[in-house]
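Asker: Sharing the feature lines straight out of TrEMBL:
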type     : residues : note
DOMAIN   : 48-200   : domain 'G-protein coupled receptors family 1 profile'
TRANSMEM : 32-57    : transmembrane segment
TRANSMEM : 69-97    : transmembrane segment
TRANSMEM : 109-127  : transmembrane segment
TRANSMEM : 148-167  : transmembrane segment
Amino acid sequence: MKNCFLFANRVTLGNCMGLGLRPYSPPWWGQLAWFIVFALMLLLAILGNTLVIWIVLAHRRMRTVTNCFLVNLAVADLLMATLNGAPNFVFLVTAHWPFGAATCTASNFTANLTVSAGVFTLVAITVDRYVAIVKPLQHRLSRRVARTALFTVWCASALLALPSLLYSDTYKKQYINGEREICFIKWPDGSYPTSKTDYW
């Protein structure tokens with residue numbers, strides 16, 4: 001049985017989707033379902049995270065160290081929704097990447113950056129809560145320490161996302177009635193699913 005993942009190597013992709021005959025296009029009901037689900041998800045992500053950021057920044061008493069971490073988490077999620085979610089929304093509905101190589105690189109970098117930043121921020125929140133519960137009489141984290149932690153979070157996240165900045169690529173396939181372009185990460189040892197780098 002052939003592996004028909006969308007980001008497979010060129011040979012597998014061609015075998016699975018019949019490239020050369022016609023571009024793959026999901027049925028109208030599939031496109032509509034993706035449109036509704038993804039649009040609702042993006043809308044909730046953008047509105048919800050914007051609301052969290054506004055509440056904390058607009059009310060002085062809400063500006064605690066823990067809420068500072070929550071704002072950072074909301075910023076990471078908001079960036080993911082707007083800079084990665086929106087282009088991938090179009091890609092999932094149409095099975096075509098119309099934005100070019102630069103946007104492909106930016107989208108993959110943003111995805112890795114924001115996911116890493118979100119995970120590291122959750123770790124920082126966990127440490128903050130641990131100190132508050134286990135050592136309630138100990139001096140809490142200062143805002144300066146929190147800012148340093150968040151700076152470290154984004155630097156570490158950018159470092160982890162750097163490979164996707166270097167190896168993102170697009171691939172165009174010509175058809176009788178047009179062409180299709182996909183956005184993927186091509187590691188030095190190949191692309192998904194043959195690349196072992198994807199599993200590190």
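Including glycine, each Cβ sits where the backbone N, Cα and C put it.
I'd like these features described in context: how deep, what's nearby, how far apart.
Answerer: When Cβ-Cβ distances below 8 Å are used as the criterion, the transmembrane segment (32-57) is approached by residues 26, 63, 67-68, 70-71, 74-75, 77-78, 80-82, 85-86, 89, 92-93 of the same chain, each at least six residues removed from its ends.
Sequence-distant contacts of the transmembrane segment (109-127) (same chain, six or more residues past either end, CB-CB distance under 8 Å): 66, 69-70, 72-73, 76-77, 79-80, 83-84, 146, 149-150, 153-154, 156-158, 160-161, 164-165, 168.
Sequence-distant contacts of the transmembrane segment (148-167) (same chain, six or more residues past either end, CB-CB distance under 8 Å): 68-69, 72, 105, 108-114, 116-117, 120-121, 124, 141, 185-188, 197.
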